[in-house]
Amino acid sequence: MADTEALTGESTETRDYGESVSVEKGCFFRCCDPRSGFHRFLALFFMCFLGFGSYFCYDNPGSLQDNFIEDLNISTAQFAQLYSWYSWPNVVLCFVGGFLLDRVFGIRLGTVIFCVFIVIGQIIFALGGLFDMFWLMIVGRFIFGVGGESLAVAQNTYAVSWFKGKELNLVFGLQLSFARVGSTVNFLTMGGVYKWMHQYFDGHTCLGFALLFAAITCVLSLFCAMILAVFDYRAEKILKKETGGPAEVVRLSDVKDFPISFWLMCGSCVAYYVAIFPFIGLGKVFFERKFDFTPDESNTVNSIIYIVSGVCSPLFGILIDKFGRNIFWVFLAILATVGAHGLLAFSFLNPYVAMVAMGLAYSLLASALWPMVALVVPEYQLGTAYGIMQAVQNLGLAVITMVAGYIVDSGGYLLLEVFFLAWLCLGLVMVLLLWFFDSDGLLSMTPARRKLIEQLTRKSTRVTEDDIPSSFHDEDALLDHNGDN
């Protein structure tokens, strides 16, 4: 029983919530009980909005691409550096961020620190535009990147801590959905913010004030981090949550023990995302040139991926929570994205068709791929594992975004689309290899089979796919079988 008397000065009582754990006297509503589903999803609300400011400001350059190029008198390759310099620090720091979450700061303090970084970085970025100092904008994006991707690692770690074994795929989908609300709002509003500022300022000064206005969203994320820290601290004290077993010590050398399936997940992640985010960052001018869209129309179609993912990610999360088979969904998502990029490259079909398809595929992949890490890596190493995955992803994005800018300047957007298609084909190969190396079938199992394996693993029983009767197709049958043993 959890002793909350020391915390509140009040006596405790035991209630039947499925386990004998005391709760604080006076907390009569389920929303105050950290074991209740309502309380967990209330915490999820703040988890989701942790990334709102980061995602909103990340794509500020993309929504104002032509304004950046004109007001700052820069090339597309230089413009692409604004995205690359966001990614470069995270080649190392994203991994370190995960390690810091696991071993140094802890999840609560670490999340607040990373939010402070994105606030400071966005302000410096805006000041660089305000004073027409491109190098200062690069510095701002660098600092912003230090916090942004590490914050994503913290968000993932929070999700696993609160929801592993429950609605994890749904939670990842919801987090992506709410974060992408930030990206969508950016594309739909920053053009209007720029026009509003243009009534009073011109050129780079107008650009700087528009970016400074966007920093408000980062402050919102900082407040969410503080509130969530209180939630997590309270839940830990009441439930006596363990942050890891006494023998489970994270060492940097542990990465050599990560299975080949984890590294293939990293490769698939890189191959896919380098065909998505650099395209969105450079997409505004693409739609203006090829389809003769206005800047506002280009921003709208460019935001379709985020709009669709905001709606569909939770739905796909529910789907995958129910049916499992994560590898199949990842393969299907990459294949659909190949088709979408093919339409954009080689046809003049209304681009909304391809962008909606790409949004659906992006949602499906994110809901299926990221939760798979928790299936192959021990929980006490998840912060480090997600940090590595983000770091490898950012290495790819840093390099490929710069290359993409040079390709546009020298060869145009058609060559860029072919470049993206090549990466997606590589991603398909990675997923096929992942399927091959998943020898025990864990990543292709239904949730019921996974649950049985977790139960038997807790009994120190070594289980493989062949040990599970093929006649079991539902959770009740599996649990009955386990109870008979």
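Glycine too: its Cβ is placed from the backbone N, Cα and C atoms.
Features as listed in TrEMBL:
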{"type": "TRANSMEM", "residues": "38-56", "note": "transmembrane segment"}
{"type": "DOMAIN", "residues": "40-442", "note": "domain 'Major facilitator superfamily (MFS) profile'"}
{"type": "TRANSMEM", "residues": "85-102", "note": "transmembrane segment"}
{"type": "TRANSMEM", "residues": "109-128", "note": "transmembrane segment"}
{"type": "TRANSMEM", "residues": "134-158", "note": "transmembrane segment"}
{"type": "TRANSMEM", "residues": "170-189", "note": "transmembrane segment"}
{"type": "TRANSMEM", "residues": "209-231", "note": "transmembrane segment"}
{"type": "TRANSMEM", "residues": "260-280", "note": "transmembrane segment"}
{"type": "TRANSMEM", "residues": "300-320", "note": "transmembrane segment"}
{"type": "TRANSMEM", "residues": "327-346", "note": "transmembrane segment"}
{"type": "TRANSMEM", "residues": "352-376", "note": "transmembrane segment"}
{"type": "TRANSMEM", "residues": "388-408", "note": "transmembrane segment"}
{"type": "TRANSMEM", "residues": "414-437", "note": "transmembrane segment"}
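A contact between the transmembrane segment (38-56) and the transmembrane segment (209-231) is present, since 3 or more of their C-beta pairs, 6 or more residues apart, lie under 8 Å.
Same-chain neighbours of the transmembrane segment (170-189): 44, 47-49, 51-60, 62-63, 155-156, 159, 162-163, 214, 217, 299-300, 302-303, 306-307, 309-311, 313-318, 321, 363, 366-367, 370-371, counting only residues six or more beyond its ends whose CB sits under 8 Å from a CB of the stretch.
Counting Cβ pairs closer than 8 Å and at least 6 residues apart in sequence, the transmembrane segment (260-280) and the transmembrane segment (327-346) reach three or more and so form a contact. With Cβ pairs under 8 Å as the measure, the transmembrane segment (388-408) is packed most heavily against 134-158, out of 134-158, 209-231, 327-346, 352-376.
Beyond the ends of the transmembrane segment (134-158), by six or more residues, the same chain brings 47, 50-51, 54, 57-58, 72, 74, 78, 81-83, 85-90, 93-94, 97-98, 100-101, 107, 110-111, 113-118, 120-128, 172, 175, 179, 221, 228, 232, 370, 382-383, 386-387, 390-391, 394 to within a C-beta distance below 8 angstroms of the stretch. Under 8 Å from some Cβ of the transmembrane segment (209-231) lie the Cβ atoms of residues 34, 42-43, 46-47, 49-54, 56-57, 60, 64, 108-109, 111-112, 114-116, 118-119, 122-123, 125-127, 129-130, 151, 158, 182, 186, 190, 193-194, 197, 201, all in the same chain and six or more residues away from its ends. The transmembrane segment (300-320) makes no contact with the transmembrane segment (414-437): fewer than 3 of their CB pairs lie within 8 A, with pairs spaced 6 or more apart in sequence. Mean model confidence of the domain 'Major facilitator superfamily (MFS) profile' (40-442) amounts to 87 (pLDDT, 0 to 100 scale).
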